[in-house]
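Got these off TrEMBL a minute ago, pasting:
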type	residues	note
SIGNAL	1-20	signal peptide
DOMAIN	85-167	domain 'Class III cytochrome C'
BINDING	His94, His97, Cys104, Cys107, His108, His109, Cys126, His127, Cys149, Cys152, His153, Cys163, Cys166, His167	heme c binding site
Amino acid sequence: MIKKIMVCACLIPFLAGVCAAEVWKAPDQEQARERAKETVPFIKEYKDDCQISRRICLMDAGISLDDVTTVYFLLDSPIIKQREDHYEPVRFAHKRHAALVDDCTKCHHYRPKDEDALETTRCSACHQDSFNPEYPERIGLKAAYHQQCMECHQQEAKGPVDCTGCHLKHVPDHKELVKLPDNPDPIQVTQACLECHDTQGEDMLKTAHWLWRGPSPYTTGHRKDILHGKGTTALNNF
């Protein structure tokens, strides 16, 4: 029984990879991925306005929350990936954050000096390399993202401030790490997984679900009773 459970659980990522080409893809997600791959021209000069002046400029331009049409962006860029690539990009809920903050100048704090430029530009238009000797006052794109997000999350005491609170770990392509025979059977796939992930395999066998100590909906008859697979008979039996 345990062996079968372990095989099925370990097969999930493998089967997901095999069937990935057949899975429907959300248009918004694909659009966000393509946008994140773009590198925009660097803005050299900008207007150094105070926040109040910026708000007035946006109001005069008729820009409001109604103009925020993009639901979310992926905070990713080739600029960031050229140095390291340990985590998945953050899916930034642009429209939701704009509504919560109710102030576009929190992020769009400056505008280009070019009068024909848009009032709101991408972060990567002003923030790019981690250090540019010609513009030492500007922090890099990665630092700009973290500064804006974490500072607000800390002040509001609502958003995550740790790495895994916002990012998923970047999972490498296992095709280069694991060698499987042609048309492998489930046991072979599981054994290949356990060559590196033996600790995770042991943890899986010790979890509440596999020892029938999980909450009552997962036990036979949905009863809080040792006769029905529970570890103990108790009011709050977990």
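Just so it is clear, glycine is given a Cβ too, placed from its N, Cα and C backbone atoms.
What TrEMBL says about a protein is an automatic prediction, not a curated fact.
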Which of the three DSSP states, helix, strand or coil, fits His108 (heme c binding site)?
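Coil, per DSSP.
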The record lists His94, His97, Cys104, Cys107, His108, His109, Cys126, His127, Cys149, Cys152, His153, Cys163, Cys166, His167 as binding heme c. What's the largest Cα to Cα distance among them, in Å, rounded to a whole number?
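Maximum Cα-Cα distance: 25 Å.
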Can you count the other CB atoms that lie within 10 A of the CB of Cys149 (heme c binding site)?
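A 10 Å sphere around the Cβ of Cys149 (heme c binding site) contains 19 other Cβ atoms.
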Where DSSP helix means H, G or I and strand means E or B, what are the helix, strand and coil counts for the domain 'Class III cytochrome C' (85-167)?
35 helix, 6 strand, 42 coil
Summarise the model confidence on the domain 'Class III cytochrome C' (85-167) as a single mean pLDDT, whole number.
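Looking only at the domain 'Class III cytochrome C' (85-167), pLDDT averages out to 87.
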Which residues in the same chain, at least 6 apart in sequence, have a Cβ under 8 Å from the Cβ of His108 (heme c binding site)?
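Spatial neighbours, sequence-distant, of His108 (heme c binding site): Arg54, Leu58, Glu119, Thr120, Thr121.
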So if I measure Cβ to Cβ from His94 (heme c binding site) and keep only same-chain residues at least 6 apart in sequence, which ones fall under 8 Å?
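Long-range Cβ contacts: Val68, Thr70, Val71, Tyr72, Phe73.
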